Amino acid sequence: MRLPIRAVTPEIESAEIVGWVHEVRDLGGLSFFLIRDRTGIIQVTMPKKNVPAEILEVARSVSRESVVRVRGSVKAIDKAPGGREIVPDYLEIINLAETPLPLDVVEKVPADMDTRLDSRFLDARKPRVRAIFFIRSALTCAATEFLASRGCINITTPKIVAAATEGGTELFPIAYFEKEAFLNQSPQLYKQMLMAAGFEAVFEIGPIFRAEEHNTVRHLNEATSLDIEVSFADHNDVMGLLEDLIVHIYGSVAKNCADDLAEIGIDLAIPERPFPRIPYLEAIEIANRSIEEKISFGDDLTPAAERAIGESMGGHYFIVDWPTDIRPYYAMPYPDRPAFCKAFDLMHPRMELASGAQRIHDHDLLVERIRAKGLSTESFEFYLRTFRYGMPPHAGWGLGIERLVMTMLDLSNIREAVLFPRDRHRLTP
Ligand code: ATP
Ligand code: AMO
């Protein structure tokens, strides 16, 4: 029976493995393969004197990245990766790779992002790239377990929709028979409607689509959002939940992904609770101390402002109490100072990770806010009617999974955190 490569130890006398030919080296009397699977790398050593001629024959015809099956005896050896090697008595080429390879998996010559993404299936064979996606998987599993343990119901909402939710970024129109339709920017309206259904606490991990014209290292046109919505909760309650979730995810990744973190070279520090909560007014004051293009009241934070505040905060923090005018219509204004609202952003020193708010649950106030944004209430009727038959107070947030992975693993480009990114120029693979 074949073993995962990681399980092959010097204590085992013989082993069968399958994997990809990572490297081939021929030193005359001795030739080596490195064979790789998703668990690790092992050396296969073929001393020409001791290995059957038919095996040497097969070995000579193997190209890098071919898929092979190897059986043989396991020997302890200090010089090889993992301190062991296999001397084969059976070698089979299961699938021969063409040469030359479109991308070097061993990465002696670093490739640029576009070349890597064009051959993502080969790029993802690199142990470092594989590690990012194993961590991303562990991270979303940890989030799901945590939110379920807090009583949140896992929901799935439509991605083909009739209305915008967020303003700001554009929508992608799609052909939907004879109707006008779009790809959804956020599950916002649906998660709120489920509060009217009495679900009380919901979460979704799903795609969001944003027709961002600009091409940046922190925006995608198709991103993954972790959204929650909780009834009888305010903005402070859901900030607490978000903070607990981030600390839980970091702790879980640190505990379960030690090898993958080591592969990427990350010594993961778990953020400390509570994250500071600084009001918007204080945030722009901090930014304006060091940036050239000053932020005025009512401006969104520029990337330079986010960097300046991030530097002074050092770790995760919240910006709270935003001007009502620059937040979406659904954010609840403070009753005693309606120019400010109960909205917040969770920030990492490098960028925004999540946005959220306590929502307006009063129908008439919501209509007023939609109109104040210059939007028509007609296209929101399916949403607005849920506010007329018993809508509880509620709050929630949306967290960008790629940005969470990117900041956790110190990746320079958000595309590193998605297998098949969609950006301004990329629609394949
Ligand atoms: P959100 O969409 O929730 O506000 P975000 O982190 O995606 O969060 P954006 O609003 O897209 O942030 O960007 C924040 C600020 O940075 C905005 O003022 C936006 O105009 C500006 N910005 C984003 N990308 C670029 C870019 N490529 N060039 C110049 N400004 C940019
Ligand atoms: P917002 O528009 O701030 O809020 O989005 C929430 C989070 O989603 C991530 N995100 C993106 N990531 C990569 N590329 C993009 N183009 C992109 N756009 C957004 C970010 C961002 O913080 N409905 C609200 C959430 C709520 O209030 O519950 C919303 O969508 O990490």
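Any Cβ shown, glycine's included, is placed from N, Cα and C.
For the ATP site, TrEMBL gives Arg210, Ala211, Glu212, Arg218, His219, Leu220, Gly400, Ile401, Glu402, Arg403; the one candidate out of Glu178, Glu263, Glu352 that the record lists there too is Glu352. Site annotation for L-aspartate in TrEMBL covers Arg210, Ser355, Arg359, and the matching candidate from Glu166, Glu293, Glu306, Glu416 is Glu166.
Taking Glu166, Arg210, Glu352, Ser355, Arg359, Arg403 as the candidate binding-site residues, the subset whose CB lies under 6 angstroms from any atom of ligand 1 consists of Glu352, Ser355.
The recorded positions near ligand 2, defined by a Cβ under 6 Å from one of its atoms, are Arg403, chosen from Pro81, Arg359, Ile401, Arg403. Taking the Cα atom of each, His219 (ATP binding site) and Glu166 (L-aspartate binding site) are about 15 angstrom apart. Long-range contacts of the region 'Aspartate' (188-191) within its own chain (CB-CB distance under 8 A, at least 6 residues past either end) are made by residues 155, 157-158, 161, 163, 165-166, 202, 204, 227-229, 328, 330, 380, 383, 396, 398. Taking CA atoms as the reference points, Glu212 (ATP binding site) and Glu166 (L-aspartate binding site) are 12 Å apart. Between the alpha carbons (Cα) of Arg210 (L-aspartate binding site) and Pro81 (site 'Important for tRNA non-discrimination') lies a span of roughly 44 Å. For the pair Ser355 (L-aspartate binding site) and Arg403 (ATP binding site), the C-alpha distance works out to 12 angstrom.
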